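Reviewing the structure listed below.
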Amino acid sequence: MTSTRIPMRPRRVAVFSLHTSPLEQPGTGDAGGMNVYVAQTARRMARLGTEVEIFTRATSSEVPPVAELAPGVTVRHIVAGPFEELDKNDLPAQLCAFGAGALRVEARQKPGYYDLVHSHYWLSGQVGWLARERWGVPLVHTAHTLAKVKNAALAEGDKPEPRVRVVGEEQVVADADRLVANTEAEARELVTRYDADPEAVSVVPPGVDLERFTPGDTAEARRGLGLEPDAVVLAFVGRVQPLKGPDVLLRAVAELLGRSAELRTRLRVLVVGGPSGSGKERPEAMEQLAESLGIADVVRFMSPQWGDDLVRVYRAADLVAVPSYNESFGLVALEAQACGTPVVAAAVGGLTVAVADGVSGRLVHGHDPADWAEVFLSLIRSPETVAGLGAAAPDNAARFSWQRTTESLLQTYAWARRTFRGLSAPGEATA
Ligand code: UDP
């Protein structure tokens, strides 16, 4: 791969991904889009000539202190607290231990070893802030999700994000040299809800692996999953947690079958992903919901899938549903479209950017299962509409790529380095 010339490109970046490792399987627990983002951009950054060292908390005594993710990409496992037993909510108490571990790693290197710190999620941002001060390098921060935005659109029964997170995010926003937002809307949220300096925010859309996620033979994908060739297949892919609204899909399916008895013999619903979050909507709870709705015979719950197995799910589906209450972007929506499958998504956050309404899928306002059932039914009854959306979907997905994301990040890093004024940032007055 040729190297794009970007002046002030860092030689080596310390990436902080404290609460979840890019080596973990996404789609369960705390591992999701952020893991994919960090791994995909790090690989490409290294190929473009910027080395990446990813700092993450060791979640097992078995992991080595240092592991190679790809040429030029190192994962450093930092011991901070008991390995397995900690929940994400326990991690604010481990920031000091993690920070100390990261500083110790740097102290063993030549001076000026890292040119820049990029932190992902507010917990990493807190440590990134410290590293910035200690190492005298710029801090670029990506929030991935924001507590104030999340709390403004909670799923029913979901717990609000705690105040400690809101305060922590405010501090990081004030002290980072540059903030990376996935969308223009997220950039506005940073400015209006978190008082970010608009000049300090770069909009960098995430991407999709366009080599892995490609259209393919639907019949073959269905055979591989033991699905009938003429079935109507709906799929949900993602961490099973209230925020993602898997229950909305199940309730909509119940409604759909209530309206069209004929569909019961043909409809198949795949729910792919592992337990995550506050636990109310763990797969078992979803299985019980499917039972109580009388639709268990059409729903199949599948453990998290990866690689070709995940591609097979997207290809087998007529429609992929993303009924999230909040989504800072929604990589699943891009991946499904890249495979030629239209997406029916909630009109929230990044999904309104990822899905072109009426072109590559449909956006649904609200989470009323009746509305969702209506959209599914109208599409199921019009296979030619679904075929048209599916045909347009890969081009819509191709507007995004990890290569572009990576190049934009490198531009952002260069900008942060050029404008870095040492340690007299506006956030210095932050309490
Ligand atoms: N994912 C996966 N296997 C699964 C479910 C999800 O690899 O069984 C991946 C999926 O391909 C996507 C990521 O997890 O890349 C989820 O990202 P998204 O932005 O949709 O949601 P997030 O988890 O960040 O909330």
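Glycine residues also receive a Cβ, built from the backbone N, Cα and C atoms like all the rest.
Automatic prediction, not curation, is the source of TrEMBL annotations.
Per TrEMBL, these features apply:
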- His19, Asp30, Ala31, Gly32, Gly33, Met34, Asn35, Lys88, Tyr121, Thr145, Arg165: 1D-myo-inositol 3-phosphate binding site (BINDING)
- Gln25, Pro26, Gly33, Arg239, Lys244, Gln305, Glu327, Glu335: UDP-N-acetyl-alpha-D-glucosamine binding site (BINDING)
- 32-207: domain 'Glycosyltransferase subfamily 4-like N-terminal' (DOMAIN)
- 219-393: domain 'Glycosyl transferase family 1' (DOMAIN)
- Tyr314, Arg315, Ala317, Thr341: Mg(2+) binding site (BINDING)
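Everything TrEMBL records as a feature, shown here on the structure.
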residue : record                                        : CB count, 10 Å
His19   : 1D-myo-inositol 3-phosphate binding site      : 23
Gln25   : UDP-N-acetyl-alpha-D-glucosamine binding site : 13
Pro26   : UDP-N-acetyl-alpha-D-glucosamine binding site : 26
Gly33   : 1D-myo-inositol 3-phosphate binding site      : 23
Asn35   : 1D-myo-inositol 3-phosphate binding site      : 21
Arg239  : UDP-N-acetyl-alpha-D-glucosamine binding site : 23
Tyr314  : Mg(2+) binding site                           : 26
Arg315  : Mg(2+) binding site                           : 26
Glu335  : UDP-N-acetyl-alpha-D-glucosamine binding site : 25
Thr341  : Mg(2+) binding site                           : 30
Point to revise | Cβ contacts of Glu327 (UDP-N-acetyl-alpha-D-glucosamine binding site) (under 8 Å, same chain, 6 or more positions away) | key: Ala333, Ala345, Ala346, Val348, Gly349, Gly350, Leu351
Exercise for review: Tell me the Cβ neighbour count for Gln305 (UDP-N-acetyl-alpha-D-glucosamine binding site), meaning other Cβ atoms within 10 Å of its Cβ, over all protein chains shown.
Suggested key: 19
Study note, to complete from the structure: Among the binding-site residues listed as Lys244, Tyr314, Thr341, within 10 angstroms of Gly33 (1D-myo-inositol 3-phosphate binding site) by C-alpha we get none
Practice item. Could you round the CA separation between Gln305 (UDP-N-acetyl-alpha-D-glucosamine binding site) and Tyr121 (1D-myo-inositol 3-phosphate binding site) to a whole angstrom and send it over? Key: 24
Exercise for review: Just the binding-site residues from Gln25, Ala31, Gly33, Arg315, Ala317 whose C-beta lies under 6 Å from any atom of ligand 1, please, or none if there are none.
Suggested key: Gly33
Practice item. Could you check the binding-site residues Arg165, Lys244 and say which one's CB has the fewest neighbouring CB atoms inside 10 Å? Key: Arg165
**Study point:** 1D-myo-inositol 3-phosphate binding residues His19, Asp30, Ala31, Gly32, Gly33, Met34, Asn35, Lys88, Tyr121, Thr145, Arg165: largest Cα-Cα distance, in Å and rounded to whole number
**Key:** 20
Point to revise | All-chain count of other Cβ atoms within 10 Å of Ala317 (Mg(2+) binding site) | key: 30
Exercise for review: Select the most exposed residue of Ala31, Tyr121, where exposure means the fewest other Cβ atoms within 10 Å, treating these as the binding-site residues.
Suggested key: Ala31
Study note, to complete from the structure: What DSSP gives for Ala31 (1D-myo-inositol 3-phosphate binding site), in three states, is strand
Review point. Nearest to Arg239 (UDP-N-acetyl-alpha-D-glucosamine binding site) by Cα, among His19, Asn35, Arg315 (binding-site residues)?
Key: Asn35
Review point. Between Ala31 (1D-myo-inositol 3-phosphate binding site) and Lys244 (UDP-N-acetyl-alpha-D-glucosamine binding site), what is the CA-CA distance rounded to a whole number of Å?
Key: 14
